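Per TrEMBL, the features are:
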- 199-318: domain '3-oxo-5-alpha-steroid 4-dehydrogenase C-terminal' (DOMAIN)
- 20-46: transmembrane segment (TRANSMEM)
- 79-100: transmembrane segment (TRANSMEM)
- 120-139: transmembrane segment (TRANSMEM)
- 160-181: transmembrane segment (TRANSMEM)
- 201-218: transmembrane segment (TRANSMEM)
- 256-272: transmembrane segment (TRANSMEM)
Amino acid sequence: MAPWAEAELSALDPLRAVWLTLTAAFLLTLLLQLLPPGLLPGCAIFQDLIRYGKTKCGEPPRPAACRAFDVPKRYFSHFYIISVLWNGFLLWCLTQSLFLGAPFPSWLHGLLRILGAAQFQGGELALSAFLVLVFLWLHSLRRLFECLYVSVFSNVMIHVVQYCFGLVYYVLVGLTVLSQVPMDGRNAYVTGKNLLMQARWFHILGMMMFIWSSAHQYKCHVILGNLRKNKAGVIIHCNHRIPFGDWFEYVSSPNYLAELMIYVSMAVTFGFHNLTWWLVVTNVFFNQALSAFLSHQFYKSKFVSYPKRRKAFLPFLF
C-alpha cells in the first residue's frame, strides 16, 4: 500500500467517521429495499423516513402520525439557500486567506480542528480545495435557480427529519472541503510563489467533468419541469409523466446520476487520492442510488408502458 494511503487509513477523524456512518446507513437501507417484498421491513416510520416526494404516494394511505411531520418538498430550495450563504462565506474566508494572507476566524479554525482538520504543510494542494469549494458554491447556486425557476413542485411532501438532514448536509460538506486546506496556524498554506503554480492536469479534468455533469443535470431538470408546462412555459398540471430525452433514455433518475458525477468530479479535482472526499462520494452514491431505486419502482408501478430497458440509476447495470 502506498505511504499516503497508510497514513490516511491510520486516522479515522470525526469527519471521516460521520461520512462513513452515513454511507453505512444508506447502504444498509438500500440493501433492505432490494430484498424480496415479503422480507422487506413494513414499518411505516422506516418507510416514511427513506421516501420523499412522489415515492411517498401510494396505498395504503400513510398514518396520520407520519403525516404530522410532513414538510413540502418545495422546501428543497432552503437547502440551497443555506448552502449558497454558508459555503459562500467559507469561500470568502478561504479567498481572503489565500490571496490576502488573512487568518481564518478563530471560531472557524477551532471548529475545523474539532472536526479533525490537522496542521500540515505540503500535503493537499490548496488550489484543489479552493476549486472544489468554488464548484460546490456554483452547484448550490444553480440548484437554487432550478428550484425557483425550473422545477415545478406538486403538493408532495418530505419528512421533517429529511428536511433537517438536508440543511445540515450542505453545512457539513462545506466544512469537509475547507478541512482539506493545508494550514499553517490559522492561515492557509500555499507551496510555491502563488496559487496558480499548483495547477495540475487533474484540476483541468475535474473542471471539465464538473461542467459536463452540471449541464446534464440542468437538462434533466428542464425536461422534468417541462412535463408540467405547455409550449408557452405555463404550468398546466402537476401530474407525473414519463420523461424522455438526454440521460432519461438510460435511467429513471439521471438527475441523481449527474449529482454523483458532480461529486466524482470534485474527487478528481482533489487529485484522486483524498480519502475523506471519497467517503463523501460513496455516501452520495448510496444516497442517490436509494432515491433512484424508489423512483424507478414508482414509475414502473404507475405506468404500464414504462420503458423496460431503462435502469434505475446506472446505465445498463442498476
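Backbone N, Cα and C atoms are what each Cβ position is placed from, and that goes for glycine too.
Unlike curated entries, TrEMBL annotations are predicted automatically.
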Same chain, outside the transmembrane segment (256-272) by at least 6, Cβ under 8 Å from its Cβ: which residues?
124-125, 128-129, 131-132, 135-136, 139, 180, 200, 202-203, 205-207, 209-210, 212-214, 216-217, 220, 247, 278, 280-281, 284-285, 288-289, 291-292, 295, 313-315
Output the single range from 20-46, 120-139, 160-181, 201-218 maximising the number of Cβ pairs under 8 Å to the transmembrane segment (79-100).
160-181
Quick check on the domain '3-oxo-5-alpha-steroid 4-dehydrogenase C-terminal' (199-318): DSSP residue counts for helix, strand, coil, in that order please.
74 helix, 4 strand, 42 coil
